[in-house]
Amino acid sequence: MEMSSKENTHFFSNNTILPVDRSSFKSESSASKEKQSCCGGIKIFLGALSFVYFAKALSGSYLKSTITQIERRFDIPSSLVGVIDGSFEIGNLLIIILVSYFGAKLHRPRIIGAGCLIMSAGTFLIAMPQFFMGRYRYERFPSTINSTVSISPCLQDKSQTPLSALEKSQAKINAGCEKEAGSSMWIYVLLGNLLRGIGETPIQPLGITYIDDYAIEENAALYIGCVQTVAIIGPIFGFLLGSLCAKLYVDIGFVDLDSIMITHKDTQWVGAWWLGYLIAGAISVLAGIPFWFLPKHLPKPESRKDSSTSSEQSKFITEDNKEQHKSYQQQVKIAEMAKDFLPSLKNLFGNPVYILYLCASIIQFNSLIGMVTYKPKYIEQQYGQTSSKTNFVIGLINIPAVALGIFSGGLIMKKFRINVLGAAKLSLGSSFFGYLLLLSLFAMGCENSEVAGLTVSYHGTKWTTDYEQALFSECNSGCLCSKNDWDPICGENGVTYVSACLAGCQASNGSGKNTVFFNCSCVGTLESPSQSSSAVVGPCQKGNECPKMFLYFLVVSVITSYTLSVGGTPGYILLLRCIKPHLKSFALGIYTLAIRVLAGIPAPVYFGVAIDTTCLKWGSKRCGGRGACKLYDSSALRYVYLGLTLVLGTVSIFFSVAVLWVLRKRSSPQEETLSANGERGTCGTKSRKDNFANSDHLIQTTYWPEKETRL
């Protein structure tokens, strides 16, 4: 009854034109309609924003799933793939400050809708090289392509090879070299990803703050958790789509598939990487349509009309145009918004909680972005899995654990009414235990594949010498072989050989996928090394213990993903509540900018450079120069990949501890002061709900007491 009378009083004070004798009836009916309109509008926006998060997450995760495919298709190293991946963040960097600051004063839903169209255009552009570059060519010995010509893999005498075949092969290589030398098609992938980053820019800062402005206060954390959870569903479909496309040949629809001599299990296989981008682009177009029909503002909930947590637009109009008495809906001039830019920036960087949390997030995102970007490559190289299976496992097992973790974090925040200090503790705890679990993955690796001349000698002993020179041995000294070829075969002794020529094979039978090589002088058993043996197309499988290690890796990886994700939503809430209410969009924009510049752009690059240092066998481009890596040192890759991730994660934990220390230091004196002067002495004994609602005064500056932000 007391709450109802307050609402009626507030309604009378703002609606004086109503007849006195019917005021009570109209007050109740208007409040009911307004509540329904508010709830309906925010839920429609919530659904539309969730779909957009799904679309952008799908296209982003699909890019991660095609990293190895792009690397093979364009014959580029991991470091260059990291630059392509980081171009998305560069696109964000170009306009993030303008969008987050000025966009908050304009029509936020339509800006998000325009961003979706730009994002879809960039996604379509990524797929365009497939339609302009030549067909994919993989390395295969001539006898496996044309069974009508019998050619010995070990070319002891060039007269064995028909002159016409050599001339035609050389002519094709020269023609392909001239074509590839004039165009670097991977640049279109980089530009498309750059454009995709520009389109994605307004979604997070404008979407999240729009929900926080017009949602009921106690539901804000849950709504944000729901959006983040739906966003995680996008990567599930993104990686599953990547798994499906990885099984389809890259030139499907352009060539006769019966003529393809390799399977999706072959190390030279490239899937239809471009097909998924066409699908993701179409979904982005559909996701942007609803925002063109949503209103600029929504009715505020009754519980927030007398709250100090008013929307950013209303605060901006009230503070900057109070003397001129302009209407709420009137268009704001750019000059009037720009004059408050520097003071706002100074205010943000003067907040120690915001700065420390920003540093912790930057370092942690360096760790996570690098880990996620190269996780498919790590699984493929460490455990010998195909690209299709790797993407399937990540999408169906790993990503749902992340979604459950993010949703659990939001649910815990709502159920237990956790305040800002509690959110900092929850975020710190999830990071600590997550990286602690990650430490155990060092023991769950596989040994190097036994590749003659690279990881083992031709006599079967493990060694590490000059890898390029070690490719040649006495058993293949009479063959005319190239050290740049990569057409692996598996000997019956379980050792992989770089090519049939380097294995000393004298004859072959069959064609394409069913080719069998005979009289291979380098393929011998340990009991009788001199005995010549046979080999089949493709590398040998990893050791017997590797499948078991892969299973252990998946279990620990799922638990680690869930643990790290629990702190996601509390971290968002901590970020929103440690700043002044009217600076939420601007703070999120600066936060996103810092993550893009200092984590999203450099992390894939230096992770890629570090991974490239573990390469044992580099491919060669047709026109000369180093291509993509063909074989990695499994042990070195494990220590570099996991070690870099753990070191960065550990440093971020120290900054999170500093955030918690500052919050504790600010909260204790404030509580003591309140209890001493008696004005709000019951704060410490209030219910957890009240503590949750009023916790943010602990981190607000003393001259901003009337604008405390509530969760």
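Cβ from N, Cα, C; glycine included.
Look at TrEMBL and you will find 40-59 (among others) tagged as transmembrane segment.
The annotation domain 'Major facilitator superfamily (MFS) profile' is assigned in TrEMBL to 45-667.
Under the heading transmembrane segment, TrEMBL lists 80-104 (among others). Packing against the transmembrane segment (80-104) from elsewhere in the chain are residues 60, 63-64, 67, 70-71, 111, 122, 186, 189-191, 193-202, 205-206, 209, 312-313, 316, 334, 337, 341, 344, 373, 585-586, 588-590, 592-593, 596-597, 599-609: each is 6 or more residues past its ends and has a CB under 8 Å from a CB in it.
Here the transmembrane segment (110-132) has long-range neighbours at 49, 52, 55-56, 59, 63, 74, 91, 99, 103, 183, 185-186, 188-189, 191-203, 206-207, 250, 273-275, 277-278, 280-282, 284-285, 287-292, 294, 296, meaning same-chain residues at least 6 beyond its ends whose C-beta is under 8 angstroms from one of its own. Feature annotation from TrEMBL assigns transmembrane segment to 110-132 (among others).
Listed as Cβ neighbours of the transmembrane segment (220-250) (distance under 8 Å, sequence separation of 6 or more from its ends, same chain) are residues 42, 46, 49-51, 53-62, 64-66, 69, 73, 130, 136, 207-208, 211-212, 257, 260, 264, 269-276, 279-280, 386-392, 394-396, 399-400, 402-403, 406-407, 409-411, 413-414, 565, 568-569, 572-573, 711. Per TrEMBL, transmembrane segment is recorded for 220-250 (among others).
Annotation source TrEMBL lists transmembrane segment at 270-294 (among others).
Residues or ranges marked as region 'Disordered' by TrEMBL: 300-324.
Outside the transmembrane segment (354-372), and at least 6 residues removed from its termini, the chain residues within Cβ reach (under 8 Å) are 64, 348, 431, 564, 571, 574-575, 578-579, 587, 590-591, 594-595, 598-600, 602-604, 606-607, 641, 644-646, 648-649, 651-653, 655-656, 658-659, 662. Annotated transmembrane segment per TrEMBL: 354-372 (among others), in sequence order.
TrEMBL lists 392-412 (among others) with the feature transmembrane segment.
Among the features that TrEMBL reports, transmembrane segment is placed at 424-444 (among others).
If you look up TrEMBL, you'll see 469-524 marked as domain 'Kazal-like'. Over the domain 'Kazal-like' (469-524) the predicted model carries a mean pLDDT of 81.
According to TrEMBL, the transmembrane segment annotation covers 549-576 (among others).
The feature transmembrane segment is assigned by TrEMBL to 588-611 (among others).
TrEMBL lists 640-663 (among others) with the feature transmembrane segment.
The transmembrane segment (270-294) makes contact with the transmembrane segment (40-59), as judged by at least three Cβ pairs under 8 Å among residues 6 or more apart in sequence. Between the transmembrane segment (640-663) and the transmembrane segment (424-444), three or more CB pairs separated by 6 or more residues in sequence fall under 8 Å, so the two stretches touch. In this chain, the transmembrane segment (588-611) does not touch the transmembrane segment (392-412); fewer than three CB pairs sit within less than 8 A of each other, excluding pairs fewer than 6 residues apart. Here the transmembrane segment (588-611) has long-range neighbours at 77-83, 85-86, 88-90, 92-93, 96-97, 99-101, 197, 201, 204-205, 208-209, 345, 348, 358, 361-363, 365-367, 369-370, 373-374, 377, 575-576, 632, 637, 640-641, 644, meaning same-chain residues at least 6 beyond its ends whose C-beta is under 8 angstroms from one of its own. When Cβ-Cβ distances below 8 Å are used as the criterion, the transmembrane segment (40-59) is approached by residues 109, 112, 116, 119, 123, 196, 200, 203, 207, 210-211, 214-215, 223, 226-228, 230-235, 237-238, 241, 277, 280-281, 283-284, 286-288, 290-291, 294-295, 298-299 of the same chain, each at least six residues removed from its ends.
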